[in-house]
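Shown below is the structure under consideration.
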Amino acid sequence: SQYSAVDTNPLSVYIMQPIWNEIIKLVPLWIAPNLLTFSGFVMILVNYFLISFYDWDYTASGTSPGLVPTWVWLFSAFTTFCAYALDSIDGKHARRTQSSTPLGELFDHGLDSWATSIFVLSFFSVCSRDNGKTGVSVYTMYMYLSIVLFNFMCSHWEKYNTGVLFLPWGYDLSQVVLIAAYLLTGAVGVEVWQKPFLFGYYITDALVILLIGFSLFLSFPQTLYNIHRAHLKKTLKNDSLYEGLLPLVSPLLLFILLTVWVVLSPGNILAKQPRLFLWMVGVAFSNVICKVIVCQMSSTRPELFHWFLFPLALVVYAAISGMLGWTEEAVLAVFTVLVTAAHVHYGVCVGRQLSEHLNIYIFSLKKRVQE
């Protein structure tokens with residue numbers, strides 16, 4: 001299927017696109033577009049692990065504001081900008097080098113589905129978790145992450161039904177806000193997040209309200225409207241309501257299972273290991289969405305239940321019934337490692353299969369020699 005995306009965001013169209021059009025001229029023509037995509041993702045990962053090193057449990061900014069060195073925040077701003085730029089020019093570069101492929105599209109959206117959660121998890125270190133005086137509770141963090149992932153899921157569910165990816169307005173805005181937040185933190189220190197800035201509200205409150213408002217009142221209605229319009233024009237990809245809603249089943253079940261674990265955990269797992277738990281949420285979500293993206297690109301039906309749901313259901317049941325007892329954190333750690341390994345393995349396998357099928361290399365523009 002031919003890739004089609006629509007971007008109507010004024011910030012993107014009038015400000016960012018002209019910048020990307022200049023930046024792309026600096027990229028040598030022999031570089032493979034996937035290499036740009038991957039480099040951006042690696043930068044996000046490096047930044048995430050760097051912040052994790054200084055602030056494993058999300059308390060550094062709240063308890064001892066000098067714990068994370070200033071250069072780390074500035075490095076975060078730099079890597080976020082680079083990843084944003086690389087993610088914005090990879091498609092342009094593919095068209096410029098006439099190397100647009102389904103593999104590139106899948107690679108781009110697949111890594112985006114994972115990067116989305118990593119951006120959010122890195123940002124939580126700026127505002128720190130609730131310590132009674134300032135900060136955000138771990139439950140707010142979980143809700144915040146869920147809403148962002150819900151938004152991501154919506155745009156791909158919409159593409160599954162309409163064949164067109166309407167780029168959400170929130171994307172460019174969120175990247176610019178992130179970069180500004182890191183620069184602000186680097187310039188004046190994390191204290192800026194811990195003082196009320198308007199009518200006793202903190203900046204973080206404003207951001208949470210903005211995010212929820214944006215999702216529920218802009219992104220989600222827009223998605224439903226676009227699907228409705230395609231229905232009226234008779235351009236929907238799926239005839240039945242069942243098929244149209246099918247890709248939503250696994251992500252919703254995933255969210256329900258995770259929320260049950262968060263709410264009913266006897267050891268209060270989210271408060272004890274927020275970083276591990278939220279990372280696991282992001283990875284599991286990414287894998288579920290990647291399957292939807294593959295189905296959408298290959299015009300196949302997604303399975304009703306993603307296989308991750310079965311081991312997750314077992315772990316959640318064992319945890320909330322008290323069977324795990326004091327080993328709950330250890331089980332979460334093992335499960336997180338396994339889910340992450342399974343996701344990476346899946347990505348590598350799909351990449352290799354597609355590169356063989358399409359007779360191209362993933363990270364090089366050279367053509368493969370037919371055996």
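Just so it is clear, glycine is given a Cβ too, placed from its N, Cα and C backbone atoms.
These came from TrEMBL, pasted as-is:
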type	residues	note
TRANSMEM	26-50	transmembrane segment
TRANSMEM	70-86	transmembrane segment
TRANSMEM	136-154	transmembrane segment
TRANSMEM	166-187	transmembrane segment
TRANSMEM	199-220	transmembrane segment
TRANSMEM	241-264	transmembrane segment
TRANSMEM	276-294	transmembrane segment
TRANSMEM	306-324	transmembrane segment
TRANSMEM	330-348	transmembrane segment
Would you mind listing the long-range same-chain contacts of the transmembrane segment (166-187), meaning Cβ under 8 Å and 6+ residues beyond its ends?
5-9, 11-12, 16, 70-71, 73-74, 76-77, 80-81, 84, 119, 123, 126, 148, 151, 154-155, 158-159, 193, 207, 211, 214-215, 218-219, 222-223, 226
Could you check whether the transmembrane segment (241-264) packs against the transmembrane segment (199-220) - three or more CB pairs closer than 8 Å, residues at least 6 apart in sequence?
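Per Cβ check, the transmembrane segment (241-264) does not touch the transmembrane segment (199-220).
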With pairs restricted to those 6 or more apart in sequence, evaluate whether the transmembrane segment (330-348) and the transmembrane segment (136-154) have 3+ C-beta pairs under 8 Å.
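They are not in contact.
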Could you name the stretch, out of 70-86, 276-294, 306-324, with the greatest number of CB pairs under 8 A to the transmembrane segment (136-154)?
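By the under-8 Å Cβ criterion, the transmembrane segment (136-154) pairs most with 276-294.
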What residues in the same chain, six or more past the boundaries of the transmembrane segment (26-50), come closer than 8 Å to it by Cβ-Cβ distance?
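Answer is 72, 75-76, 79-80, 82-87, 89-91, 93-94, 96-97, 99-100, 103-104, 107-108, 111, 114-115, 118-119, 121-122, 361-365.
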